[in-house]
Amino acid sequence: MAIQPIRLFGDPVLRTPAEPVVDFDKELRKLVKDLTDTMMDAPGAGLAAPQIGVGLRVFTYYVDDQLGHLINPELDLGGETDEEGEEGCLSFPGLTFPTPRAIRAVAKGFTMHGEPVTIEGTDLMARCFQHETDHLDGVLFIDRLDAKQRKLAMKAIREAEWSGLSAPVVKISPHATQGRAL
Ligand SMILES: [Zn+2]
């Protein structure tokens with residue numbers, strides 16, 4: 001077991017786009033193991049490498065008893081949007097908000113051994129793939145909320161016990177509100 005500390009909102013690593021994996025080596029396999037151990041210990045449904053301070057495009061997932069990982073993921077989204085599904089994040093302990101996500105996602109990427117894989121997910125699995133791939137782009141679930149929910153989220157974050165170690169930064173979402181971050 002190699003459980004790592006999970007970085008919390010406010011840590012700049014969570015806002016830094018991760019680099020593609022180039023070397024499918026022993027260190028990558030250790031990273032996948034650390035992510036898996038840390039995710040299962042939390043416990044969580046998914047964990048992205050930046051959440052343990054590693055800027056590589058790698059995530060693990062554990063949804064509907066399916067445990068896996070994906071390297072250098074690319075997503076194709078389809079189906080309707082689930083506007084109401086509650087979503088949380090291990091980097092925002094204790095908080096969940098209704099977060100719009102596509103209900104289907106086809107994730108293409110590689111295993112830690114460099115083999116190409118395609119995984120199709122619906123519902124929670126699709127949500128997980130979108131959430132984790134966002135992490136690799138420095139995007140957080142609060143960026144996906146509508147204006148009202150984001151306002152609630154920022155208030156809850158300010159009041160959270162874990163918050164305040166560094167100044168939070170919120171990106172302006174593509175759907176934003178006259179360019180104002182709430
Ligand atoms: Zn997360």
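Sequential numbering from 1, following the chain as shown.
In case you wondered, yes, glycine gets a Cβ from its N, Cα and C as well.
TrEMBL has this to say about the protein:
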BINDING   CYS89, HIS131, HIS135  Fe cation binding site
ACT_SITE  GLU132  active site
>> Counting across all protein chains present, how many other Cβ atoms fall within 10 Å of the Cβ of HIS131 (Fe cation binding site)?
In response: 23
> the residue listed as 'active site' to CYS89 (Fe cation binding site): how many Å between their Cα atoms?
Replying inline: 10
> Applying the rule Cβ within 8 Å of the centroid of the Cβ atoms of CYS89, HIS131, HIS135, what extra residues of the same chain belong around the Fe cation site?
Replying inline: GLY46, ALA48, GLN51, LEU90, SER91, GLU132, ASP134, LEU140, PHE141
>> Using a 10 Å radius around its CB, how many other CB atoms surround HIS135 (Fe cation binding site)?
In response: 23
>> Around the C-beta of CYS89 (Fe cation binding site), how many further C-beta atoms are within 10 angstroms, looking at every protein chain?
In response: 26
> Taking the Cβ of GLU132 (active site) as centre, how many other Cβ atoms lie within 10 Å?
Replying inline: 26
